[in-house]
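Q: Quick one: structure below, then a few questions.
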Amino acid sequence: MHSPKSFLLLAVVFVALRVTAAPLWNAKNPEQLQYIAARCMEEWSPKAKDPKAALKNWMEWKLQPSNEEATQCYTKCMLENIGYYEPGEKRLKGVRVMQQWETFNRYQSADRNKVHDLTDTFDFIKPLKSSSCSDVFNAYKDVHAKHLETIKAILFCDGKSAEKYYKDKGKNVKQKGESIFVHCEEIHYPVGSPQRNELCKVRKYELGTGKPFENLMECIFKGVRYFNDKNELNIDEIARDFTQVGKKPDAVKAAMENCKSKTKETDPGKKAVEYYKCLLADSKVKKDFMEAFDYREIRSKDYYAQITGKLKPYSASDVRKEVNDIDSNKCV
């Protein structure tokens with residue numbers, strides 16, 4: 001017969017194995033949620049039969065038209081990127097619903113009991129047969145209809161919760177209408193700091209020095225998602241920025257694959273600087289990268305600008321003028 005101590009040890013080992021096996025996940029703040037929603041809409045609305053109608057529905061939290069692949073895949077995109085659907089397990093993750101609420105409930109209006117109900121509903125759904133858009137959508141659609149008020153609340157779409165969050169966090173998070181670049185500069189090159197004198201040349205694609213520059217590049221690379229959650233280089237995201245300005249991404253993909261294979265750095269800041277140097281050192285890439293990076297700065301002010309029609313058709317001269325205006329404010 002096992003002793004109580006041995007049962008306790010087995011229980012601890014079992015829990016440890018479960019924790020180790022489970023993918024790491026962090027609750028999502030308003031900036032992250034807006035980024036996810038905008039990207040999923042950008043990806044799937046063009047594939048709808050009526051893109052404008054689909055976008056209008058999705059922005060109003062209506063998963064319609066429900067029989068279209070675009071809506072089903074948009075739904076899966078949202079659930080998977082937020083982390084409420086885990087493809088490795090083929091199931092909805094109730095524990096993450098609770099973690100989201102526990103992390104941010106001081107800002108939100110969600111009722112605790114209703115959050116528990118939503119958590120239980122997720123957990124009672126058995127693992128799916130596949131991670132296809134239709135299977136994920138069909139597993140989730142009734143949950144969405146029944147618990148929409150709670151879902152919106154824990155995802156900062158309940159009125160003023162996002163506003164409370166942004167006010168509380170201040171300059172520590174990217175504010176609405178602020179570019180990722182300016183946000184990172186204000187943290188790592190603040191007014192009055194010794195490194196502030198370097199900011200003007202840094203904004204003109206010259207390399208900065210020391211830890212402040214490493215911190216700045218890490219912040220920007222994370223903000224524009226050139227780094228993923230594990231601080232690994234996301235070459236597809238860099239390539240996407242090239243296509244946004246009408247440039248072929250083949251050269252930059254090859255250059256960054258080569259750079260990635262040679263980089264030995266593990267510190268995220270030093271690694272970001274190494275990758276940035278690679279982008280500026282390759283004569284086949286540098287000019288197009290600078291153009292793409294400028295445009296990314298402008299687009300990072302408003303994640304919804306492209307899908308709402310607020311983003312003007314791309315013009316290199318117009319973007320350069322906007323960036324020059326920002327430079328003029330920073331170089332004083």
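Including glycine, each Cβ sits where the backbone N, Cα and C put it.
The shown structure was predicted, so the numbers you read here are calculated from the model rather than taken from an experiment.
According to Swiss-Prot, the feature signal peptide maps to 1-21. Summarising the annotation, Swiss-Prot assigns disulfide bond to CYS40-CYS77, CYS73-CYS133, CYS184-CYS219, CYS200-CYS331, CYS259-CYS278 and lists similarity to another entry as the type of evidence. Residues or ranges marked as leukotriene E4 binding site by Swiss-Prot: TRP61, LYS176. The feature noradrenaline binding site is assigned by Swiss-Prot to GLU185, ARG203, ASP294, GLU297.
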Q: Roughly how many Å separate the Cα of CYS184 (disulfide bond) from that of LYS176 (leukotriene E4 binding site), to the nearest whole number?
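A: Cα-Cα, rounded: 14 Å.
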Q: Listed noradrenaline-binding residues GLU185, ARG203, ASP294, GLU297 - what's their greatest C-alpha to C-alpha distance in Å?
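A: The noradrenaline-binding residues span at most 15 Å between Cα atoms.
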Q: Between ARG203 (noradrenaline binding site) and CYS278 (disulfide bond), what is the CA-CA distance rounded to a whole number of Å?
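A: Taking the Cα atoms only, ARG203 (noradrenaline binding site) lies 17 Å from CYS278 (disulfide bond).
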Q: Could you round the CA separation between CYS73 (disulfide bond) and ASP294 (noradrenaline binding site) to a whole angstrom and send it over?
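A: On Cα coordinates alone, these residues lie 31 Å apart.
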Q: Looking at the binding-site residues listed here (LYS176, ASP294, GLU297), whose Cα lies nearest to that of CYS219 (disulfide bond)?
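A: Going through LYS176, ASP294, GLU297 one by one, the Cα closest to that of CYS219 (disulfide bond) is GLU297.
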Q: From the centroid of the CB atoms of GLU185, ARG203, ASP294, GLU297, the recorded noradrenaline site, which same-chain residues not already listed sit within 8 A by their CB, in sequence order?
A: SER179, PHE181, VAL182, PHE293, VAL323, ILE326, ASP327
Q: Of the binding-site residues LYS176, GLU185, GLU297, which one has its Cα closest to the Cα of CYS259 (disulfide bond)?
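A: When the Cα distances are compared, GLU297 comes out closest.
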Q: Using CYS133 (disulfide bond) as the reference point, find which of the binding-site residues TRP61, LYS176, ASP294, GLU297 has the shortest Cα-to-Cα distance to it.
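A: Ranked by Cα distance from CYS133 (disulfide bond), first place goes to TRP61.
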Q: Around TRP61 (leukotriene E4 binding site), how many other C-beta atoms are within 10 angstroms of its C-beta?
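A: Excluding its own Cβ, the number within 10 Å is 13.
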Q: Reported as an integer number of Å, what is the Cα distance between ASP294 (noradrenaline binding site) and TRP61 (leukotriene E4 binding site)?
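A: Checking the Cα atoms of ASP294 (noradrenaline binding site) and TRP61 (leukotriene E4 binding site) gives a distance of 33 Å.
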Q: Which one is it: of the recorded positions TRP61, LYS176, CYS200, CYS331, whose Cα lies the shortest distance from the Cα of CYS278 (disulfide bond)?
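A: Going through TRP61, LYS176, CYS200, CYS331 one by one, the Cα closest to that of CYS278 (disulfide bond) is CYS200.
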Q: Which of these binding-site residues is closest to CYS40 (disulfide bond) if you go by CA atoms: TRP61, GLU185, GLU297?
A: TRP61
Q: Provide the number of Cβ atoms within 10 Å of the Cβ of CYS259 (disulfide bond), excluding the reference atom itself.
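A: Around the Cβ of CYS259 (disulfide bond), 19 other Cβ atoms lie within 10 Å.
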Q: I'd like to confirm something. Which of the recorded positions, TRP61, CYS77, CYS331, has a Cα closest to the Cα of GLU185 (noradrenaline binding site)?
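A: Checked the recorded positions TRP61, CYS77, CYS331; minimum Cα distance to GLU185 (noradrenaline binding site) goes to CYS331.
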